[in-house]
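**Q** According to Swiss-Prot, the protein has these features:
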- 19-30: compositional bias 'Acidic residues' (COMPBIAS)
- 55-69: compositional bias 'Polar residues' (COMPBIAS)
- 103-116: compositional bias 'Low complexity' (COMPBIAS)
- 121-133: compositional bias 'Acidic residues' (COMPBIAS)
- 141-150: compositional bias 'Basic and acidic residues' (COMPBIAS)
- 176-186: compositional bias 'Acidic residues' (COMPBIAS)
- 243-253: compositional bias 'Pro residues' (COMPBIAS)
- 326-350: compositional bias 'Acidic residues' (COMPBIAS)
- 538-813: domain 'MYST-type HAT' (DOMAIN)
- 571-596: zinc finger (ZN_FING)
- Ile681, Arg689, Lys690, Gly691, Gly693, Lys694, Ser718, Ser727, Tyr774, Lys798: acetyl-CoA binding site (BINDING)
Amino acid sequence: MSEAELEQTPSAGHVQEQPIEEEHEPEQEPTDAYTIGGPPRTPVEDAAAELSASLDVSGSDQSAEQSLDLSGVQAEAAAESEPPAKRQHRDISPISEDSTPASSTSTSSTRSSSSSRYDDVSEAEEAPPEPEPEQPQQQQQEEKKEDGQDQVKSPGPVELEAQEPAQPQKQKEVVDQEIETEDEPSSDTVICVADINPYGSGSNIDDFVMDPDAPPNAIITEVVTIPAPLHLKGTQQLGLPLAAPPPPPPPPAAEQVPETPASPTDDGEEPPAVYLSPYIRSRYMQESTPGLPTRLAPRDPRQRNMPPPAVVLPIQTVLSANVEAISDDSSETSSSDDDEEEEEDEDDALTMEHDNTSRETVITTGDPLMQKIDISENPDKIYFIRREDGTVHRGQVLQSRTTENAAAPDEYYVHYVGLNRRLDGWVGRHRISDNADDLGGITVLPAPPLAPDQPSTSREMLAQQAAAAAAASSERQKRAANKDYYLSYCENSRYDYSDRKMTRYQKRRYDEINHVQKSHAELTATQAALEKEHESITKIKYIDKLQFGNYEIDTWYFSPFPEEYGKARTLYVCEYCLKYMRFRSSYAYHLHECDRRRPPGREIYRKGNISIYEVNGKEESLYCQLLCLMAKLFLDHKVLYFDMDPFLFYILCETDKEGSHIVGYFSKEKKSLENYNVACILVLPPHQRKGFGKLLIAFSYELSRKEGVIGSPEKPLSDLGRLSYRSYWAYTLLELMKTRCAPEQITIKELSEMSGITHDDIIYTLQSMKMIKYWKGQNVICVTSKTIQDHLQLPQFKQPKLTIDTDYLVWSPQTAAAVVRAPGNSG
C-alpha cells in the first residue's frame, strides 16, 4: 500500500475525512486548492505548481501541497511575497512529513503512525480549520510531549509552515457536518520525524535559518523523534493490509566505518551507528560528550540559537584572592600593568605553606628567616617560637624532619624553655625566628632563675642550711616555750629548721614532693648513664596525634612503638581491643570487623554509666601491654615492662548502648613490699577535669582499706598527679577533722587509720595548708573550726564530682595463695 493510500486510512486519534474539494469543485486540480480564498498567484507559486507536476510525473506518491510545504526555501519565499497580515494565533504544534523513502529507518508501525498523524497537512490547506479553541489544543500537545519525554532521542529538523488564509464559511460548515467526532490526538499517538533529505541538501540544521524580517505567521517548530510501540487500531479494525517497510539503505564502505577500540575498557569515544544520517551522526557525536541537556519544548522563532557560555572560573592565587576576568577593551588593564610588574618583583618567591601542626595556611617568602635551620651548627641556640595560642616563647630546636608539603618541606621539633616537655612539638619554619617581633605575638619570657639564696637541688639546699646554722649558732636566742613554729608554705624553704640539718629522709621527701630532678652528679655512674639514655630516646616524639574512639588527642611524650608505627604522625587505636594501626582505611576496616565492646576481665563496680573492670596482667598480657604503650604517650616517667604477670589493671569506663569506652585506668602490683596501692594512673586528656582522676584515687584507697593496709602511690608523681593527689588528700582530711574539732586532739595516726593515707602523705598535705607545727620534737596538728571551714570554701579543696559508693562494689581481697600460684600447678 502506498503512502497516498495510507493518508486516507484512519489512524488512532483521527477520523477519516471526506475529500471536500471533490464535492464543491470536482473539476479543479489539487494544486488549485492552494489558492482558494487567497490572493492572485505569484510567480513563485507558479514555480511551485510546476514542481508539483514534475513530482507527480516522476511517480511520487505525495501531493504537490505536501512537497511545497516541505520545501523550506519556497515557503520562506512565499512568506516574503505575501503582505504581512495580522497574526491571530500561533500554532506551535510540531509538523513534519516523511518525504523520501531513504530517510525512513523506523519500523512499519512507526511510519504508519507518523503518516496518519500528520497526513492532515495537505487537507488543512484545502479545508478550513475546525472551530476548536486554541488553548485546549495547546494543552493537549503539551500533555503529549510530557508523555513521550522519557523516550526522546534527539531533536529533529526544523520546518517552516506558512499559515494559509481563512477558507469560506460555507466550506467550514460542510466539514463540521461530515465529521462527527473531534479530531483529538490519541494517548498512543507518537510523533516520528526523520530528516528532510539525509543525503542531499538541507540535511544540516544550519540550512534552516529564520529570516529576522520574515512575517510573524512563519513558525519554527522543533520536532523530536520518539521511538515507542504504536497501536494502529483504526487500520486493524478496517482490515486494511499494511505496506511492508522499505529496505534500509545499504551500509557504507568498510573504510568509512570507525575503528572499534582494541580493549572493551577503552575510554575512547564510541563510534556512531553507520546507518545514521550525516546530521544525526554529527548530533550523536556531540551528545557523546558532556553538554547541555536536550531541549524538548519548541523554541520561539525570535529566539536565537546561542552557543553555551564559556565557563570562566576564578583564578586562585597564593593570597587566596579571586581575580575576575576582565575584557580586552578595559581601560584599567593598561593602567595597572606597571603596578603588577612591581608587585611581581616584590613577590618573586611567594609560596603557600600549609602547617600540619596548627592547620593554618601561611605565606612564605625567600627571606633568610625562611631558610632551613642547621641544627648541627649550634645545637644549644635559643630561638623565639610562636605557639598555637599566639604566644611567643623562647625555645630550642632539637630535631628536623621532611614533610609532604613542597612549599615548606621541613618541620622542627622544639622544646620551650621553662615549660613542661609535654608541650614540645613539631612546628613549621615560619613560627621560628631570631627576633620575637617578626612573629607578631605576645612574648612570654620564661620564669626568672632561682635567687642565690634559693637552692636548685637538695645538695645545694643542704649546703646553704649548714652554712646558715653555723653562722647563727652564736647569735641565736633562746626561743620561748609557747611559740608556734609553722612550716613555710614555700616549697623551696619548707623546713624552717635553722639549727638542724636535713636528714636523708627529709631530703628524699623533699625531692619526691617537689618533683626535683636529680642532677647527674647526684646519681651513680650507672644511674647517670641510664638517665642520659632515657633523655636521648624520649627527647623526640614523632606521633603527633592519637585517634582513639571518637577523639583525636594530641600526644604529650614519646612512646616506644615499633619503628614503622612510632614514626607515624597519627596513630589509630581501637578503643575496645587497643590494636594500633597507621592508616585510616585499616582503622575503618578494623572497626567494622572488631566484635569486642568492653575490656576483658570482670566488672567489679557499676553505678549508672560508670564501670570499673579488673584485668589480670597474667591472663590478658597482650591487652595490658597495648594499654601501657598507649599510656606512655601521656606519661613521662613511666617504666614499661613486658612481663605483665605481677600487675592488676583497673580500667574505668563510660558505658552506653555502643559499649564501654575507656576513660582512664590505674595499675598496682599484686603484692607490694612498700604497700603501694597505685603503680601508674592515667586519665585520658579528653576526660580530664571531670572528676575521674579523684574517682580512681578514691577507688584505690577503698581497695586498700578492704585489704587492711595503708597504701600510697609510687613516687615520684608527675606535676598533674601531684596536684590531683594533694587535692584528694586535703579534702579527705578536712572532712575527717570537720567533726573532730572538740577539745580533745586528733592524732596523725588516727587520721591515717580512718583515711588509709600514710603518715608522710598526711604531713605533706597539712604542711601545704599550714595546719601542722613542730613542737617538742614532734609534729602537732593545730587547727580551729573556722580554719577548716575557710579551707573547704577554696576551689582546690571542693567536694569531688564523683565518689565511690561501696554498695556497688563487688570485690574481695586476694590472698597470697591466689596471687602467687604454687609451683607444680599447671594452667
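Backbone N, Cα and C define each Cβ position, glycine as well.
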**Q** Grab the same-chain neighbours of the zinc finger (571-596) for me: Cβ-Cβ under 8 Å, and only residues 6 or more beyond its ends, written as numbers and ranges.
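**A** Sequence-distant neighbours of the zinc finger (571-596): 543, 545-549, 561, 564-565, 623, 626-627, 629-630, 659-662.
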**Q** Tell me which of the binding-site residues Ile681, Lys690, Gly693, Ser718, Tyr774 sits in the most Cβ-dense spot, judged by other Cβ atoms within 10 Å.
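**A** Compared across Ile681, Lys690, Gly693, Ser718, Tyr774, the most Cβ atoms within 10 Å surround Gly693.
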**Q** Find the average pLDDT over the domain 'MYST-type HAT' (538-813) in the predicted model and report it.
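**A** Across the domain 'MYST-type HAT' (538-813), the average pLDDT comes out at 89.
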**Q** Helix, strand or coil: which one is Lys690 (acetyl-CoA binding site) in, per DSSP?
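**A** Where Lys690 (acetyl-CoA binding site) sits, the three-state DSSP reduction gives coil.
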**Q** Max CA to CA distance in Å over the acetyl-CoA-binding set Ile681, Arg689, Lys690, Gly691, Gly693, Lys694, Ser718, Ser727, Tyr774, Lys798?
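**A** Result: 37 Å between the two most distant Cα atoms.
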**Q** Check the DSSP secondary structure of Tyr774 (acetyl-CoA binding site), expressed as helix, strand or coil.
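**A** Note: Tyr774 (acetyl-CoA binding site) is in a strand by DSSP.
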